[in-house]
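Going by TrEMBL, these are the annotated features:
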type     : residues         : note
DOMAIN   : 120-219          : domain 'Mandelate racemase/muconate lactonizing enzyme C-terminal'
ACT_SITE : K141             : active site, proton donor
BINDING  : D172, E200, D223 : Mg(2+) binding site
ACT_SITE : K247             : active site, proton acceptor
Amino acid sequence: MCSEYLISEEQVVASVVLPVEKESFSPLAQRVLEPISRVAYFRLPLKNRFRRVTEREGLLLEGPAGWAEVSPFWDYDARESAHWLQAGLELACEKLALPVYRQQIPINVTIPVVAPERALEIVEEFLVSVPAGQVVTAKVKVADPGVTLAADCARLEAVRAGLGACGRIRVDANAAWTVEEAVSALRELDKAAGGLEYVEQPCAAVEDLALVRRLVEVPVAADESVRRAEDPLRVARLDAADVLVVKLQPMAGIHRILQVTEQAQLPVVVSSALDSSVGIAAGLRLAAHLPQLDYACGLGTARMFIGDVVASPLIPEGGFLPVTSVEPDWPQVSALTSSGFDRERITAWVQRLNSMVEYL
């Protein structure tokens, strides 16, 4: 059923972290990167296919304030990708003097599109370090192309069996449904899950989110309608969501997100854009700066990778992650390189960054 979402041994590549010479960038990019002391390219394979992605790649920047990640997905054009670069430059270059409201962040377990047996295993692995009786939240991916509603329901039933009656389950449809499909699917998914905390981005259009919200009892969270929108506050103005899901890189950094969330006046969930531990550390900082945090955050994605860019990946313990700084394991960088690695990937990312700076 879901075997296509498993990564075969032939598909697995070694984790890669390689230095990038600043002189390889365009003159404009070199001026933008002037405060940056080191640049690296990284590539991390995933344990399971995730939204048709089998590996994650991007750039790491070291500036006076520390390390930052710049890793826009390939479906982001240069204009959108510039937000990711803006976030990276803010984190690497600015020492943010903002209130810190908490030192550890509650984390949900993320379940990709896998067979029910594997979904249960992922939940059980997460629960190993969680004290008995503690409520745990799971985010379950649904509505992937080619995957049936029955398969999604079976996955949710397995997750509920692992979490127990008190666990919380949210689903993410990544804007896959029409309004009619969302209403019909959510009826079945809510039943299979034994109750849903919320559904994330059931439809693409903000107007459709608002309509779904009026037609179903399951709360609605907005993700793409916030992070990829010219006007991220439109969701709040149209009463289209109960929750905002924010991701640091695509929303151009901590300052802009705090402005958006303050104006929206809706509960907030901070999630990873399938980041490495460098990006996750930045998301934890954002979550620490939010005055109120009512939901578990989607920042536990480091366990989805084979390897990481740091020596000690940010893996939740006891259902939480500490607010901390990390840096790539630079002395070991040569040991992480794969033999015969194609340098064209670095060239492609140099060209991407050259395009991004045109829109800053």
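In case you wondered, yes, glycine gets a Cβ from its N, Cα and C as well.
Cβ proximity to the Mg(2+) site centre (mean Cβ of D172, E200, D223, cutoff 8 Å) flags the following additional same-chain residues: K139, R170, V171, A173, N174, V199, Q201, A221, E224, V245, S271.
DSSP classifies D172 (Mg(2+) binding site) as strand under the three-state reduction. With respect to their backbone Cα atoms, E200 (Mg(2+) binding site) and K141 (active site, proton donor) stand 9 Å from each other. Rounded to a whole number, the C-alpha distance linking D172 (Mg(2+) binding site) with K141 (active site, proton donor) is 5 angstrom.
On its own chain, D223 (Mg(2+) binding site) has D172, N174, E200, Q201, V245, K247, S271 as residues at least 6 apart in sequence with a Cβ closer than 8 Å to its own Cβ. The least crowded of the active-site residues K141, K247, judged by other CB atoms within 10 A of its own CB, is K141.
With the fewest other Cβ atoms inside 10 Å of its Cβ, the least crowded of the binding-site residues D172, E200 in this structure is D172.
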